[in-house]
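Participant: Here it is, the structure in full.
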Amino acid sequence: MQRQVMCYPDCGGSPCRISTDLGLSIPRFLGRYIKGFMDNMQYAEELLREFLVFRGFTNTLQSFEKELSTDIGRNFQVDKILDLVFSVVHFYIVKIGSVNSSALHHWTPWFVIPYIKSPSLDPQFRVYFSKEWFDALHLSFRNFLSEVFNGTHILKVISTEKNTVKYLKDGIKQLNNKLSQLQALLETKEAEILYLQSLAPSDREASILKEINSISDLSSEASSKDDGVSSRVKDFREPVNDSLHIGEKITAANCGESSSSTGVLDISTVAKSSSMAGSVGQSPSEHEKSSNVLQMAHTENSIDVLGEEEFPEVKVDFQETFLGHTSRISRCRFSASGMNIASASVDGTVRIWTYDSSTPTSRNATIYCGAEIMSLDWECRSDRLLLIGTADGGIKAWNVDAKRVVCDLSTTTEFPSVLDLKCSPVEPIFVSAAASRWNGFHKLDRAGFASLTVWNMKTWKAMTVLPLGEDPPAITSLCFNHNGKILAASAADGMIHMFDMSAGLQITGWPAHDTAVSSLLFGPDETSIFSLGSDGKIFEWSLQNQGRVLWSRDCTRYCFPESLKICRHEIALDSNGKRLLVTSGSVRSPIYQVQGHTLGLRTLPHSGAITSVDWHPTLPIFITGSADHSVRVTSII
């Protein structure tokens, strides 16, 4: 096969010559240049990967990875580069840079070559098509590359690269095995701690009762008062057991509610009554002992039951409560601008309202859906459309300006429960996550199989079904990245899946929790993703180093198992990405400081569990929906 070579100068107008008598100055210079390049090449590749992931260029990322794996020149092996140059590429052109007229004169004949029928027979160009010239060029180029690469000592490094890679892979495998063992050990220890904690309150109560009973028998003169104290102690014991499961009773007592209305005994009242009894029939030492016992009960109960009393209460700028619902709140969401709020309850009603008196109330409305509301989402590009998902497979699109349902869709009969809906921030599409069955929030891991459907918001028709494999567990939560190219989905088996929306394919996934994941959202810079498990564990996962936990919290004291009977717990991140608000089985919700060393905050109390939360898209304002049927908007300082 004949090879045509067209050589042009790239600077100064001088011919570009490759010959065997090259001095070592050029190869050594290039060697030092390439060595510096090699030292930073891996870092540059990592930066490029991060950029492609951040921008959602998944197709480009896949092509980049494929080219890296098949790049025969990446190891700077002379023979492979020669094969690439002389076997694959048949035309070589050195681009003309800044060339003066005198230099261009020497290269004028080369501009004629495209118009010559047989350049190989032309006397002026025949030499460049001869075997001798090609062999000389091949040898010269080989010597040139060898000098360059020997100058950088790259060949010596390359000879051990495969062994190094194998060694590193083996080391990573061993570390992963060790990590798995440590995680299993940690889970075992946590289970033991929880078991011991569940036994401890009963032991303390028995000890307290024993002390108080011994005190009550010391004086017959104070028998009637002692009976009064005993009855208070009985009231005290019952709420303690309840508070281990339903934290809102203790918290409500601390919020100033009367003990008679909540069934919780104020410890200070018991202490005061015991003091009165001691003044009648106890010796000073016995009275002091009684006070110490009751004080110990108060201290230990506060630490174990309340747990995060050190979290200060939020400082409120203003607060408004909406009381329009007649059953517990299942979801509440700010609109894209934050001007309107949509709140839904389990009785099948959705209400649209505004918290700001300066905002027109023309969009306020009540929507009757006829089934339990399981999901809500506003159109991201405007406040015009609200999507509503129900437990009977219905998806309604409500136009807030026209005040009517503009589209009433239905999932297939095989997947009747719409667990979540999410609109793309860029395209006129949304994704629905439907489950094959629904047995309540406390059985999220038994929600059956999943169907993940992409819908067109112009035609209101299904576009595609995202692949999840055979018999996939139910998808519980969805979220898009900023440009809508990547969709994250959490599952009932604890997995997190990532989808390329352009290709409609899953690109990665990893096990995040040992239980069902109930809520999922991207971090502020989209290099991480937050997940909340139904076990109350919160993790922030790195998207640059998959499987790495950047930050975590254990909020099982708020997301305890009994609370799952009334709500599907969720998390919400403020616009700055620094404060994470969590639903709660108690009357207060925690606000954790993400990646910070300062204490978190506590919301002001509702009179029931907090079942839904959301942050304003730009301001330090959040909403909380509660089992007490109310929705509250709170602006904090």
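A Cβ is built for glycine as well, from the same backbone N, Cα and C atoms used for every other residue.
Model, not experiment: these values are computed from the prediction.
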Participant: Among 137-164, 165-192, 501-528, 529-556, indicate the range for which TrEMBL gives the feature coiled coil.
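Facilitator: Of the candidate stretches, TrEMBL labels 165-192 as coiled coil.
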Participant: Give, as a single whole number between 0 and 100, the mean pLDDT over the domain 'Anaphase-promoting complex subunit 4-like WD40' (469-522).
Facilitator: 94
Participant: Are there residues at least six beyond either end of the repeat 'WD' (603-637) with Cβ under 8 Å to its Cβ atoms? List them, or say none.
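Facilitator: Tertiary neighbours of the repeat 'WD' (603-637) are 248, 251-252, 255, 313-323, 325-334, 336-338, 341, 343, 345, 355, 563, 566-567, 570-575, 579, 581-591.
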Participant: For the coiled coil (165-192), give me same-chain residues lying six or more residues beyond its boundaries with a C-beta closer than 8 angstroms to one of its C-beta atoms, as numbers and ranges.
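Facilitator: Beyond its ends, the coiled coil (165-192) has Cβ neighbours at 514.
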